[in-house]
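Single-structure report; data block below.
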Amino acid sequence: LLRISSCCWPAVARLARSETFTSRLPTMPRPRKLKKFQIYRWNPDKPDEKPYNQTYEVDLSACGPMVLDALIKIKNEMDPTLTFRRSCREGICGSCAMNIGGTNTLACISKIDADNLDKPTKIYPLPHMYVVKDLVPDMNNFYNQYRSIQPWLQRKNESTEKKGDAQYLQSVDDRAKLDGLYECILCACCSTSCPSYWWNGDKYLGPAVLMQAYRWIIDSRDESTAARLDKLKDPFSVYRCHTIMNCTRTCPKGLNPGKAIAEIKKLLSGIAKKDAPGLETAALHNK
């Protein structure tokens, strides 16, 4: 048995009394911090009703710090009809892209403005996109444009090269050229912030798709550079970019689509050329 020295008994007694007293204290509720959210609503099942903004009041003391936390709380506790996309909750999937407070961003990494409780947070779907319902935009045109650039590695001897026998090698310097490009999550925040894409979205590929096109154009392992550039030579695919740079300002991943488009223009004009690969990879597949 544990023996406690007699000199310690007064301290133990005081501790016991303190814990007993503390346990009897009533739990004080946290003060409420009410914040209003004005959210765009439109229901395709009610075609006669015009879109409108609906206001919800959320207690931030019982809510997570991000706008997506508030949206989930509204849907779970107030209005199950509110419709929006979300998945990863950590800025990786791009599903929860929307316009929050006038800026295209991701709801899962956009902090609630808790310092201005009197100012409502306004939330809209991505601008100039067909709306499926509420905050859900129609991404079909965007994904079709992405598919059109053939976003996969292409080799000249692809039909004869054995797959899986060896790696497509890439030098450290060549790999570094892809930094700032491959991180794109195709959320479409940049494309839907671009006025040129608003008015020519059927022909102009937009910042996100063009940045991914450049990612494959400069990949040292890809051997279809000429064919990829040929597809972009028409007056609309690339040249509708007027360097407004909304794309770079709004990108939630901190990327620079405007710079990638400028590099494509340099390649198309002949001012710049793709560097030769630092490592030859085809020989690995001829053994």
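Here the Cβ of each residue, glycine as well, is placed from N, Cα and C on the backbone.
Unlike curated records, TrEMBL annotations are generated automatically.
Here's what TrEMBL has on this protein:
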type: DOMAIN; residues: 37-129; note: domain '2Fe-2S ferredoxin-type'
type: DOMAIN; residues: 174-204; note: domain '4Fe-4S ferredoxin-type'
Helix, strand and coil counts within the domain '2Fe-2S ferredoxin-type' (37-129) (DSSP): 17 helix, 27 strand, 49 coil
Mind tallying the domain '4Fe-4S ferredoxin-type' (174-204) by DSSP state, helix then strand then coil? 12 helix, 0 strand, 19 coil
Mean of pLDDT values spanning the domain '2Fe-2S ferredoxin-type' (37-129): 97
